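The structure appears below as structure tokens.
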Amino acid sequence: MAAKDVKFGNDARVKMLRGVNVLADAVKVTLGPKGRNVVLDKSFGAPTITKDGVSVAREIELEDKFENMGAQMVKEVASKANDAAGDGTTTATVLAQSIITEGLKAVAAGMNPMDLKRGIDKAVVAAVEELKKLSVPCSDSKAIAQVGTISANSDETVGKLIAEAMEKVGKEGVITVEEGTGLQDELDVVEGMQFDRGYLSPYFINKPETGSVELESPFILLADKKISNIRELLPVLEAVAKAGKPLLIVAEDVEGEALATLVVNTMRGIVKVAAVKAPGFGDRRKAMLQDIATLTAGTVISEEIGLELEKATLEDLGQAKRVVINKDTTIIIDGVGDEATIQGRVTQIRQQIEEATSDYDREKLQERVAKLAGGVAVIKVGAATEVEMKEKKARVEDALHATRAAVEEGVVAGGGVALIRVAGKIAGLKGDNEDQNVGIKVALRAMESPLRQIVINAGEEASVIANNVKAGEGSYGYNAYSEEYGDMIAMGILDPTKVTRSALQYAASVAGLMITTECMVTDLPKADAPDLXGAGGMGG
């Protein structure tokens with residue numbers, strides 16, 4: 001086992017604080033409407049330019065191992081805030097730095113670290129309760145656009161795009177961000193259920209100009225098996241031909257004789273058919289087939305539940321208003337499924353989301369909810385260069401997370417004002433002893449730090465503006481963008497409550513642990529082995 005380097009007490013805390021400050025100082029230059037960019041060098045390709053706090057934090061590793069431990073713990077604050085709310089990473093870092101700095105000063109002055117931590121925790125619990133009271137629901141498009149604009153660093157076009165996307169696919173719909181091909185941002189909305197499987201044969205194409213298959217008011221056959229024998233399909237094909245409607249077959253696979261016969265029937269115009277593979281694999285495929293069945297009021301023909309393809313009737317088939325299939329996607333638009341049944345299915349999947357343990361499973365389940373509940377919107381980000389594209393895409397993703405958080409828990413006045421109001425409301429809070437009171441004061445002082453940092457980044461005097469804002473009430477604050485005082489909510493400067501709450505909770509959690517640190521242990525650097533220069537070769 002490698003030898004260890006151990007530091008105690010003040011020696012350890014000073015080193016740790018130095019690491020915290022390096023990381024926090026790099027991150028906090030990005031805060032607010034007049035925050036600056038940070039350029040990150042990459043081992044290959046062009047450097048990345050970003051104003052996203054967590055991206056900056058993730059890049060920082062320090063040479064001194066004790067300092068690095070401090071930096072890594074604050075990095076954890078930014079990452080946790082990012083995971084919980086998708087934004088607020090810089091705010092969380094600024095809060096953590098303030099609590100740690102003030103807390104360590106108090107420890108150096110002889111306060112009990114555990115009582116300090118209890119005081120900080122007490123203040124945060126009270127602050128979160130007050131935040132909830134200040135929170136205003138965020139339901140209309142205008143408020144959603146404002147939240148998106150603020151989170152995308154005052155880029156109005158991004159805010160409007162996100163609001164438009166949410167309006168079209170609903171609050172539950174899937175909104176994804178992709179790199180576009182032009183200079184302008186675009187919004188593509190896919191209504192209905194889309195899955196990543198295309199037609200099994202190009203001979204099904206009936207719209208050559210777009211290279212796609214379009215079926216109007218089709219029946220939809222859902223089979224959880226491979227179909228290779230045409231005999232199994234004949235009863236259904238005959239019934240559909242009599243009804244004079246097209247047919248979409250969604251099965252594990254359609255191959256051989258069955259596929260050939262379907263192609264021939266389609267080309268001769270006897271019956272209009274298209275076949276696609278079912279989406280997903282294994283158990284997920286069964287679940288997705290069931291989703292399609294719910295959406296189209298059909299039944300999944302599965303031998304597991306005793307249903308045979310040969311005995312399928314028109315009653316077992318689903319129906320939709322329209323189906324569009326191209327090389328690699330299928331879209332089912334306006335399934336005839338009963339609204340209550342669809343809602344029941346959505347509730348069931350939501351339950352699974354809560355119980356899911358892996359992020360991948362959770363993401364896939366959320367996609368399924370969106371496909372059933374709303375639709376899918378794709379925001380295509382336009383930019384002139386690759387570097388700008390990456391930076392802008394990261395901003396749009398941040399803004400999207402922020403708007404989702406706003407819809408979930410509501411909004412509060414932005415620009416650091418909400419935390420100042422909360423601090424004012426709980427100023428009379430008392431702990432069990434004097435050390436806890438100091439901990440409460442440390443937390444209250446930290447709640448001013450986001451506003452102060454926004455003002456510093458705007459090149460103004462932080463103390464003057466912080467005092468002016470404290471003297472006001474409600475959503476009265478300072479707009480660093482236009483350099484004027486006023487009602488933040490009326491000016492459209494909003495922060496999602498969830499983002500502010502997460503930033504405060506995670507900052508206090510990690511900072512509290514760091515204040516109570518008394519000893520740090522790390523590996524000693526290995527001494528370089530002496531090189532063997534001058535060793536003689538073998539005698540000849």
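Note that Cβ sites are derived from N, Cα and C of the backbone, with glycine treated the same way.
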Record says Thr30, Leu31, Gly32, Pro33, Lys51, Asp87, Gly88, Thr89, Thr90, Thr91, Asp495 bind ATP. Source is Swiss-Prot. Which of Gly173, Gly180, Gly415 does it list for that same site?
Gly415
Which ones in the same chain are close to Gly88 (ATP binding site), with CB under 8 Å and 6+ residues apart in sequence?
Ala81, Asn82, Ala402, Asp495, Pro496, Val499, Thr500, Ser502, Ala503
Provide the number of Cβ atoms within 10 Å of the Cβ of Lys51 (ATP binding site), excluding the reference atom itself.
21
Fewest other C-beta atoms within 10 angstroms, as judged across Thr30, Thr90, which are the binding-site residues
Thr30
Neighbouring CB atoms within 10 angstroms of the CB of Gly415 (ATP binding site), all protein chains considered, total 26
Long-range Cβ list for Gly32 (ATP binding site), cut-off under 8 Å, min separation 6+ in sequence, same chain only, gives Gly415, Gln453, Ile454, Val455, Asn457, Ala458, Ala480
For Thr30 (ATP binding site), name the DSSP secondary structure in the helix/strand/coil scheme.
coil
Please give the greatest C-alpha separation between any two of the ATP-binding residues Thr30, Leu31, Gly32, Pro33, Lys51, Asp87, Gly88, Thr89, Thr90, Thr91, Gly415, Asp495, in angstrom, as a whole number.
17
